[in-house]
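If you check TrEMBL, you get these features:
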DOMAIN    24-122  domain 'Ig-like'
DOMAIN    132-214  domain 'Ig-like'
DOMAIN    219-306  domain 'Ig-like'
SIGNAL    1-28  signal peptide
TRANSMEM  316-335  transmembrane segment
């Protein structure tokens, strides 16, 4: 296409006017279509940009300029940038090649020629796109249950990246909003885990990073298992608790703490503990207490080591078989405070 822009000579840089006056007269410059006939060319950061310019006569003298000044005048390179060269695949081509394009290359470029009567120009605007890159994200954080938590994720890119957050649970749903800051009010233990920040634009694949959120909470007994035992046999009582940090366990018989000795063995791992009687005797039958504690709290559960044939209550306690009427009478007595 023949360049349609014909600016007044006064609008051109003085140094270019002087340069063009020294050049022989020629024909108008013709710019090849790029980006389907628009005046813009879009290139990703780090790629090579080729700004096309083709003249109609090989005797034409052409120059390339940008906002900083003259880049090429004829075949003489004025720019000191080693990334910039002429692209000449045939005698009429006078294209400009810019390698490893960066954001500071963005702007307007002008291919200019001295015609028989006056200078004519063809302009193109170089747009540099930048892939998304997360530049700052919160470090892993540990908080107590019920606290407020703010996670930060900042990213750079052109166009500006869209930021989304996702809690990496089995459902893996995206969280509400598209913000750099994710606020969690009154965090619960179920909201602990990894949070994924994704920064995306249309330039390339998204940049993804993660933050681990640890939520501390006091122990809760999740399972306590009483046991039936025959004298002379081995028997165990088991206790499990959920807590962060992991709880420490202790075992008690009445008000006396039990240690691994005299035929008793205590084994505790993260979240669970067992009390084993290696050789059950009559004195071993009765109630035991499992205590789980961390720096946020303490809880306990009652367990029973009982004789064969005894009846266990719902909570693991032991009772003897009694007539139904006696149980009813006892309940009535408790209610009436007799």
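Each Cβ is built from the backbone N, Cα and C atoms, and glycine gets one as well.
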Can you give me the average pLDDT across the domain 'Ig-like' (219-306), rounded to a whole number?
93
Provide the three-state DSSP residue tally for the domain 'Ig-like' (219-306): helix first, then strand, then coil.
3 helix, 59 strand, 26 coil
